């Protein structure tokens with residue numbers, strides 16, 4: 001994105017944003033590169049402008065824009081100006097190639113401007129701006145029109161929220177915006193000179209800046225809005241724009257659900273091997289496991305342990321979709337089974353947060369056997385010991401997890417807009433040669449069909465679980 005200032009007599013408070021378009025209340029100053037380039041062409045440009053009429057300032061220069069919106073203002077490189085003596089000049093500049101030209105022979109440009117404005121209707125082309133009825137009558141309206149176009153363009157084309165346009169007090173947002181714009185101004189030197197359309201150039205470079213700073217933002221899967229990652233966790237990974245429930249890591253879910261200082265993990269040292277010596281042309285299975293362990297800091301796709309939820313002791317397993325898509329291998333099945341057996345022995349309520357793509361194909365039939373093993377342990381926990389199990393289905397919950405412990409709860413809870421299915425839409429359509437309707441695998445649609453009991457947003461989830469446990473005679477330890 002080219003970083004530059006356009007100073008003009010728009011009589012409006014200066015503002016700066018990612019497009020770096022600002023307006024000065026004092027003068028039509030030099031059009032310059034914000035990176036303070038030492039290019040001699042730029043220096044010559046400043047001198048040429050300052051030589052007009054022998055003045056050092058431009059408070060008496062009137063600036064005309066024959067435009068209907070800001071898109072034309074930005075894309076048009078030719079401007080029509082009138083100095084204090086009534087002489088009219090045309091300015092042409094090309095920031096990419098450092099070209100600046102001044103011409104006072106402009107009959108076609110001037111006549112085109114008069115034809116497209118109400119100036120012709122007034123029948124006045126006075127050389128003296130003090131007696132020009134067009135200037136006196138319409139200057140305020142024209143300035144407001146340009147300002148309105150600028151505000152509209154910034155909001156619609158550059159996706160800047162209205163509170164940013166009006167000047168936000170959020171210093172962190174301003175700092176981020178200025179940092180991004182500062183970097184983009186330097187990186188603009190590498191833009192392709194063959195790209196002539198500034199709107200296209202702006203859009204492509206804006207995308208590059210977004211990609212460059214993607215470690216600062218989380219993009220919503222629903223509305224594609226950007227959420228600042230620093231505050232994203234405190235908002236429970238909910239989109240600030242549309243409220244969509246985005247994916248959470250297992251560690252964040254544990255922090256959300258379990259009381260601080262009460263989490264005790266189980267079987268952390270259990271890791272996967274390569275039981276069937278699965279070989280892939282892309283990457284060996286063992287190398288993939290090592291890669292995900294380094295990436296996520298986890299040993300497997302599930303964390304299990306015990307903790308307190310509003311003072312109530314619970315056993316909880318949380319699957320992590322970031323680790324190989326939350327796929328269920330032999331280690332995942334073994335850790336969940338051991339947790340269920342521990343909860344059975346200690347008479348603890350059980351929570352399993354599901355986020356999985358299904359059984360792990362790299363372990364073959366061993367991964368499929370985990371479905372039966374976990375279901376068998378749950379049968380003893382629920383039917384024989386009469387204990388309380390709550391699965392929480394998050395997005396996505398598919399495959400073998402849906403076909404086993406995901407749907408065996410006493411009370412089944414789903415998150416809003418969660419993707420819940422046995423087979424994915426693409427697999428069904430290719431296998432059955434039938435079209436799967438959009439939304440037919442969403443939590444809201446499946447709730448109407450009776451697949452689970454509750455759809456609970458993240459904000460009240462902990463209190464809902466606490467009430468369910470107390471309803472089933474599980475009470476806080478410190479309660480009298």
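Residue numbers in this text run from 1 along the chain shown.
Each Cβ is built from the backbone N, Cα and C atoms, and glycine gets one as well.
Listed features, source Swiss-Prot:
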REGION    25-48  region 'Disordered'
COMPBIAS  35-47  compositional bias 'Basic and acidic residues'
DOMAIN    216-480  domain 'CoA carboxyltransferase N-terminal'
BINDING   220, 223, 239, 242  Zn(2+) binding site
ZN_FING   220-242  zinc finger
Same-chain residues at least 6 apart in sequence whose Cβ lies under 8 Å from residue 223 (Zn(2+) binding site): 239, 241, 242, 244
For the domain 'CoA carboxyltransferase N-terminal' (216-480), the mean pLDDT of the predicted model: 92
Which same-chain residues, if any, lie at least 6 apart from residue 220 (Zn(2+) binding site) yet have Cβ under 8 Å of it: 226, 227, 239, 241, 242, 244, 246
Cβ packing number for residue 239 (Zn(2+) binding site), 10 Å threshold: 21
Listed in sequence order, residues not in 220, 223, 239, 242 with Cβ within 8 Å of the centre of the Zn(2+) site Cβ atoms: 221, 222, 224, 225, 227, 240, 241, 243, 244
Neighbouring C-beta atoms (10 Å sphere around the C-beta of residue 242 (Zn(2+) binding site)): 12
Residues in the zinc finger (220-242) grouped by DSSP into helix, strand and remaining coil: 7 helix, 4 strand, 12 coil
